[in-house]
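Novice: Have a look at the structure that comes next, please.
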Amino acid sequence: ILHETVQALDFLHSNNCIHRDIKGHNILLTENADIKLVDFGVSSQLRHGNDRRNTSVGTPYWMAPEVIACEQQERSWYDSRCDVWSLGITAIELAEGDPPLSNLHPMRALFQIPGNPPPRLSRKDCLLLSEFVSQVLVKDIEYRPYANQLLGHLLIRKGAEYASKAKHELRKEILRQRIYGRHRRQPEITTKHGKLKSHKRYDQNNLNVDDLVTLGTLSEDIIVDQLRRRFEVDQIYTYIGDILIAINPYSSLGLYTTMKQKMYFKQSRSHKPPHIFAIADAAYQTLSHQKTNQSIIISGESGAGKTESGNLLLKQLVFLGKVPKSNLEERILQVNPLLEAFGNAQTGINSNSSRFGKFLELSFLPTGRVTGAKVNVYLLEQSRIVQQTKRERNFHVFYYIHEGILSEERYREFHLDSDSRKTHKYLNLDQDDYSTRLKNLKMYNEMKNSFNTVGFQNDETNAIYSIIFGILHMGDIIFSEVVSHDNTDNKSKIVDLAPLYKASSLLGVDPHDALECLLENSVSTRGETIIRSNSVIEASATRDSLVKALYSRLFDWIVNKINGLLSYHSRNDHLTIGILDIFGFENFEYNSFEQLCINIANEQIQYFFNQHIFTWEQQEYMAEGIAMDLVEFTDNRPVLDMLLSRPIGLLALLDEESRFPRATDKSLIEKFHGNIKSKLYVRPKSNALCFGVMHYAGRVIYQADEFLNKNRQVVGHRVMKLLRSSQMPMVKSLVHILMPENRNNAKGSYEYGVQSASRPQQTAATYFRHSLMELLQKMVNGKPQFVRCIKPNDARLPRIYDANKVQKQLRYIGVMETVRIRQQGFSHRIPFQDFLSRYSSLVFKYSEKIYFTREYCRVLLLRLNMTGWALGKSKVFLKYFHVEFLSKVQEEKIKKIVIVQSCVRGWLARVKYKRLRRELMSSVVTLQRYVRGVEKNNLDKPHKVTKTDANVQIYKPKEESRKQSNKDLEPQFYALCSDLSRSHSSSSSDARVEYESHENQRSKPNTGESTMRVYLDSETAAYNERLAKVNQSPTADEFEGPYNFRKLLRPTAHPPTESLRKRIVSRGRLYDLKAM
């Protein structure tokens, strides 16, 4: 078949025609077994023999690498030799039944072929065919033979010699097929200009691409349509090179089972469909192979599924690095549910919205075993505790604990009524139906389980419950105004003291001190303390500041406790993988200070993404001399400059205004309008206390109400004094807890907000700025992996795909630009030294001298048959599939090394065992010789051992240690006697052996030797006859015979019975059984 196909190709090429679709389906057999080459639908007519083409067309599995490259690289070309490559793939198809990579989707095969080495025939019984395939499948077209050159190959010549015989066999097979019918295979998919084409009966839903980089024609509409088609068949994950797009399905799809976890265990990313587990596996493999820290950055709008994606990443990473017979895996997995209970809440657009930022670091040993976890938190939304807008709720934990305590009938313990769900001001119960209460109860039980699993004690959880209910009761305190007769003092009072007493009891503070703290305030100035009464507004603000400070400190205490229980404390070097799950971009009807901070954080993450994907990458191309067309992108640096720069940035102006006691929200807005000149700052048309910012995701209008109060975060010193006086150790520890690093760079305690006239206050904006700096530093220190979460619709309904909504998100996160730079650019830039240190063992021999130069990098890449890479002045530039291929080859190499190491270790162990066995045999033979010597002596008179053997050591202990030495030897000697007793159970003789006491030894001449008197009682002649047999010289056969002393030295599970011990006589000689 190959012989006549080559003849057909030679005829076509000699007439300046390229077939461009050589495959098994296009090679037909006539009834006479003649070969017919058919289907010229994509063939091309050349003007002359040296003419070239640059159109990417053909069937994916059979397409030559240079044909595929024409779709992505303008300078690529091919000639008639592309048919020779397809012929080689067809040869493998004829021999093995399917072409290489046939188990992959056609577009994924297109993605693999340029980066993989040339395929080879796996069958070992076709050496000549194997050699033919190797000669034909050469990736460099310049070294690939033409069709007319193949006619001289030995395989083709043999095909001509045996043509008649082969045709006879083929005719019989054709006849059999016509009689019994034949199996028709489904037509393969063809491609042109990067678009798949097939027979109309082929299911079009299977033509979705897993990687947007493989698209030939790029536009927003095409990308949106591709994502839609995948979303409709529950394929919610799509790659952009090494970046993952995840669309929230708002339903369970069964994609996260244990079977799925095993599918993505140390696998090449392109060999499996896109999945969130693949990102975790890629980070884990990079950490294991390159020994560098990793970070996975999840971003997207609120409600796009970032929190769930973070949980799935953590689940897979712990699965990949789990420690056998350890509950560390389960303890780490319970961290996220616990923090979500205390830090997540329902908003108008998300039922489980993160109201804090979280960077969770998993620590790994170099071997890949997970060893612990550490959590860093940022910007908890404290204002939510005291105020929630319509359709929003407080933090989940308030509802969970409230429902759980009522169901356990412990409400009296926390001063609750049996039905107090609707009596607390801080609990917004718009959805207080039965199903919601049932869900809260379920989450309460899961939270209790998380506390126990992580390692919290019962008294600690009860103290947490007390603080939570103390906060709820504190919120129920209502103030009213007390007007004096002269109207000179605006005082306030508490309408009902019951909530105050309940809160004071739960918090362990004196109720009278709490009353004074809420109704009075004091200011220290010039050594004097001025006390005055609080108005209703001031008393309410004091109550709210107390509650916010208490809850935020409780949240930080829980985080610190988790870190203490799960952190890695070993001195050995460890590697980390960080998972960033931060609040998504928000744009509500009413946006306040919290939304401003949240959106600034998202601006910072988008800026880091732009810098990593576009700016830094293109700067390296220019510095290293790599020819590359620059990709334009939307840079959000001007927005960050307007918000964070000093001295006229928005946050800097906010801090400046917060230092003035008489400053108001109106004066703040006037300062913004007068100093910020950026086009990205939006001034309102009216005199409303608001302003707008043109963020990367769109314009957001912020209401400036309470900006100053939220930024100041002042906690009065009387509030701190009150908490410090608590009788509860937990509350007292919250006051004295150290300041987290992510909230203040300076050393000190948590009492940063205590009001004082002598030092400047540190504001929430200042802490937030430091948090961003620390977060950015953590992201820069690790190699990032990006997950971009997409929200398919605003109604949070399953299977609803709003194309306009998706397109808007794709536009502002820069998907088009990302696809373009991933098609043209190189995602991995590795210095020569690191590259050769990491991969030199794959191709270079141990004896070869390697220098960290550009030429050695080229040799390594050529020996691996890799194409599409570039070499700069000091770095190797690789695409993401190159690194996957190198990691795969390295993994296979390591497996082989491990096998060799295990064989060597086994050989060394056997050598050592044989040496020890010889030494043991020699020792046992010596023991036998001395036992036979005892037989020949006078049994009535003891004789001391004076003969010294290299294998028998005579004890010479000090007088005070002899007794202890005999005790140490006693168990081994009893074991020897026990085995002797079992070996000769049929005999009626009894061996009676006993240690002679040191007291008796003192009366005899001291020879400096520790002795044991061995006497044999001649009660029966049978036993003496048996002993007489061993008087002869020992042989190797006797060593394995009835007196097997190897068994005698083995520890026995059956110690001598008491009757046997009583019949042991204190006579004989002592030998050092330890040395034997």
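A Cβ is built for glycine as well, from the same backbone N, Cα and C atoms used for every other residue.
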Novice: Looking at 266-288, 703-725, 772-794, which one is region 'Actin-binding' according to TrEMBL?
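Specialist: Feature region 'Actin-binding' in TrEMBL: residues 772-794.
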Novice: Using a 10 Å radius around its CB, how many other CB atoms surround GLY300 (ATP binding site)?
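Specialist: That number is 24.
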Novice: In the region 'Actin-binding' (772-794), how many residues does DSSP call helix, how many strand, and how many coil?
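Specialist: Helix (H, G, I), strand (E, B), coil: 10 helix, 8 strand, 5 coil.
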Novice: Taking only same-chain residues 6+ apart in sequence, whose CB is under 8 Å from that of GLU301 (ATP binding site), what do you get?
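Specialist: Those within reach of GLU301 (ATP binding site), by Cβ under 8 Å and sequence separation of 6 or more, are GLY584, PHE585, GLU586, ALA697, CYS789, LYS791, GLN809.
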Novice: Near the ATP site, what residues other than GLY300, GLU301, SER302, GLY303, ALA304, GLY305, LYS306, THR307 in the same chain have a C-beta no further than 8 Å from the centroid of the listed C-beta atoms?
Specialist: ASN248, ASN350, GLY584, CYS789, LYS791
Novice: If H, G and I count as helix, E and B as strand, and all else as coil, what does DSSP give for ALA304 (ATP binding site)?
Specialist: coil
